[in-house]
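Let me begin by presenting the structure, written as structure tokens, before commenting on it.
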Amino acid sequence: MAWTKYQLFLAGLMLVTGSINTLSAKWADNFRAEGCGGSKEHSFHHPFLQAVGMFLGEFSCLVAFYLLRCRTAGQSDSSVDPQQPFNALLFLPPALCDMTGTSLMYVALNMTSASSFQMLRGAVIIFTGLFSVAFLGRRLVPSQWLGILATIVGLVVVGLADLLSKHDSQHNLSDVITGDLLIIMAQIIVAIQMVLEEKFIYKHNVHPLRAVGTEGLFGFVILSLLLVPMYYIPAGSFSGNPQGTLEDALDAFCQVGRQPLIALALLGNISSIAFFNFAGISVTKELSATTRMVLDSLRTVVIWALSLALGWEAFHPLQILGFIILLSGTALYNGLHHPLLACLSRGCRPPTQEGEQERLLGDSRIPINDSS
């Protein structure tokens, strides 16, 4: 079945905005500018402020939800039920996980390359699979266990590539190792978030845009308030601001005032996360969750290629091997090998519209917020 122009637009929007989300965050990290009080020029290292911006982008999904509800008002087959009851506090536990995991990943992005950051995020498959078995009572099929094993091997190869790569003055070996470990730790928290979303939120049949937007609201409010005590908490070597604290939002605003391109990078991060969530949910609805997984894997290739082209990192052949193994693990875990095996055994025939709809309705649930 050929894709319509609208489906092609959604797929392209997801791929582009997903890539912009990581690249814009890394672009902001690469800037250097003077801070407040005449402090000397230093790098823009403000991961918690960037996380606040990300939650602001997620919060905007609530606007999309209410616009969608207004557009479909009065339609009997509307997927956005205006009378749908739900308790907003259901979103608080996953929002706290999202806030913690996202903040850790933005800290790690300051320490490692954008491509390694994106590849290592594939570790979420390992912990999501294990937690779903432990807490949701789910039974994984052999191909999923094989996918988890392949993902572990891929992570080891990507880690070796980071260790063997040439590092510049901004990313020395100890920073890269710490950053990679923080990314893995963040995926444990993200996996807990996904399990909580499936256990509590999906059970109440909350629209994904509403779920993402409400989580974004909680994350934005809580993390914005936490910026105040962070201004006074000493962080030692983890601090990237002259004051040496966990986060200095005032220094960030001063740097933005002296280097307006930082504001452009932050705006790109905020807007891209909103469009990426919307496009991802729409791709799942219009095409399939499998298509969404494939596009998300292609996003890693785009980020890696652009990072090399921009000179943000050096090429290492082990990264190719690591990415292929990680991609294989993702494909096995999400069942992407089934259509290929069916095609080889019975011959490739275009799926009917009814078959595609059945696959969508019967597909396993995917995380509502797969963008941090």
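Using N, Cα and C of the backbone, Cβ positions are placed for all residues, glycine too.
Look at TrEMBL and you will find 1-18 tagged as signal peptide. Residues or ranges marked as transmembrane segment in TrEMBL: 48-68, 89-108, 120-138, 145-164, 176-196, 216-233, 261-281.
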(request) Count, for each of 89-108, 145-164, 261-281, the Cβ pairs lying under 8 Å from the transmembrane segment (176-196), and report the range with the highest count. (result) 89-108
(message) Within the same chain, where does the transmembrane segment (261-281) have neighbours whose Cβ lies under 8 angstroms from its own Cβ atoms, ignoring anything closer than 6 residues to its ends? I mean 6 or more beyond.
(response) 10, 13-14, 17-18, 20-21, 24-25, 27-28, 31, 33, 44, 50, 53-54, 56-58, 60-61, 64, 208-209, 212, 255, 292, 296, 368-371
(message) Three or more CB pairs closer than 8 Å, sequence separation of 6 or more: does that hold for the transmembrane segment (216-233) against the transmembrane segment (120-138)?
(response) no
(request) Could you pull out which residues elsewhere in the chain have a CB under 8 Å from any CB of the transmembrane segment (120-138), counting only those six or more residues past its ends? (result) 105, 144-145, 147-148, 151-152, 154-155, 158-159, 180, 183-184, 187-188, 190-192, 194-195, 198-199, 326, 329-330, 333
(request) Using a Cβ-Cβ cut-off of under 8 Å, list the residues of the same chain that are 6+ residues beyond the ends of the transmembrane segment (145-164) and lie near it. (result) 112-113, 116, 119-120, 122-123, 125-126, 129-130, 173, 176-177, 180, 184, 316, 318-319, 321-334
